[in-house]
Protein chains: 2
Amino acid sequence: MVQELKAAKIFGGWNRRYKHKSDVLGCDMTFTVFYPPACESSPVPVLYFLSGLTCTDENVTTKSGIQRKAAEEGIAIIAPDTSPRGLKIEGDSDSWDFGEGAGFYLNATQPKWKQYRMYDYIIKELPSILKQFKELNIAEASITGHSMGGHGALTIGLKHPDLFKSISAFSPISNPISVPWGQKAFSGYLGDDKESWRQYDATELVKGYKGPSRKILIDVGTKDDFLENQLKPDVLAKAAPGTPVSVDLRLQDGYDHSYFFISTFIDDHVSHAAKALKSS
Amino acid sequence: MVQELKAAKIFGGWNRRYKHKSDVLGCDMTFTVFYPPACESSPVPVLYFLSGLTCTDENVTTKSGIQRKAAEEGIAIIAPDTSPRGLKIEGDSDSWDFGEGAGFYLNATQPKWKQYRMYDYIIKELPSILKQFKELNIAEASITGHSMGGHGALTIGLKHPDLFKSISAFSPISNPISVPWGQKAFSGYLGDDKESWRQYDATELVKGYKGPSRKILIDVGTKDDFLENQLKPDVLAKAAPGTPVSVDLRLQDGYDHSYFFISTFIDDHVSHAAKALKSS
């Protein structure tokens, strides 16, 4: 059962927030869908936007202005939450970069965190719900995200080229196995076996990628406080040559890590998805 | 002394939030300025955006997307807060529609609320600060706002056609003396003498307006829960014929009172201001 929590008209379309009981995560989850006006005549392709640390499904829908371009392109936006909520696991609310709001889009293997399965939630459960929505053509999907959600978009997109026709990211954690955010999350959720971490590392995935060619668009601000120590998009870009992946890494002069930055370049990411979805 | 609290680049310009000690209000106040790229070469005109009940200076700058069009038009956005803060007057935090976050852009006359002087703050103190900012040409200003801030924009704009070259509003409280929000605020801040209320009522001001001609743009959603009982823009529109004021009242089908609505039509309000500022 999916319950609509609220709805508001925007740019001729509708922003609708839903709540449902997740079997995969064992808790209630929220997500938001933006329906462009075009979905009134036929099902539209979708673009998933995965959000970053501390965020919910509402950050991108209230702060990025993504609906303007999505309405123009006739693409629905799917905004999931960033972790399970309300499980009351000891320590799940102690840090802003681990536990609630910090699911890292993986399937945890450590017993304590076994309900943290955002990876399965995003690729299986959420699509199974969305395919019941007749306005959406979820067989035509692209993926993008910000920071931790950029990591999610890159890793999920690279592991499932069948499900996602294009990939882009804002300020992604591009090589999590080598940075503090990633190491904290992966050791907590996956344990000490670092070999198991590589399946969720975008740079490692690019190195082994054998799918159809993918041109990944990445925007990062040069004044992003996390650029050097947590994001490392240059490491990802350097891994691409010789693989079917090409990375269009754009260093945006003077921008930071915020939604002010995202809002400035969101149109390009919607267009990047639209181009792939329309040609597929 | 004005202290910069934070700054972020957006759409090629800069969003900067400031804090200062207000002599008029007797407390620290924050405000935000968006500087368009054009201000790097010469001072730019400004558009004040007055926010609604419960808001601060940050709602419009994080949720409306106003910076995109303002960058394009070369107009700075001035976003003030909506009331004094931290005065600790008994009862100032009991209601969301009176006291903190609900200054109603007037000068209170009741002794208990004598520091609630947002009217003087907006027309005198804030401009006196802004005129020190060499990027801004505050002699060229327009005004807009939302809900309580729409009331503020209409009343202040109509009382000071010398200071504001154009006026527009989203979902304004257009006839506050006749609705619950206005009656509660005006009786609290101004006392029982209803004659004194009329100076802060946009409809009453239109009836007596003798300034230069003004074409006021007003957008309101037809699904705005407050339309009938609190906003009454139709009453304002009906007062205009025969005066130098004309009201372009646009009832936007299906939209509500939220920033989703504002973001959809914000470009038109920036353009409305730009047209007046460029021809003056």
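Each Cβ is built from the backbone N, Cα and C atoms, and glycine gets one as well.
Bear in mind that TrEMBL entries carry predicted annotations, made automatically and left uncurated.
What you see is a predicted model, and the numbers here were worked out from it, not measured in a lab.
Taken verbatim from TrEMBL:
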ACT_SITE  B:Ser147  active site, charge relay system
ACT_SITE  B:Asp224  active site, charge relay system
ACT_SITE  B:His257  active site, charge relay system
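Feature map: TrEMBL annotations on the structure.
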residue: B:Ser147; record: active site, charge relay system; Cβ within 10 Å: 26
residue: B:Asp224; record: active site, charge relay system; Cβ within 10 Å: 21
residue: B:His257; record: active site, charge relay system; Cβ within 10 Å: 22
Integer Å value for the Cα distance linking B:Asp224 (active site, charge relay system) with B:His257 (active site, charge relay system) is 5
Spacing of the two Cα atoms, B:His257 (active site, charge relay system) and B:Ser147 (active site, charge relay system), in whole angstrom, works out to 8
In the three-state DSSP scheme, B:Ser147 (active site, charge relay system) belongs to coil
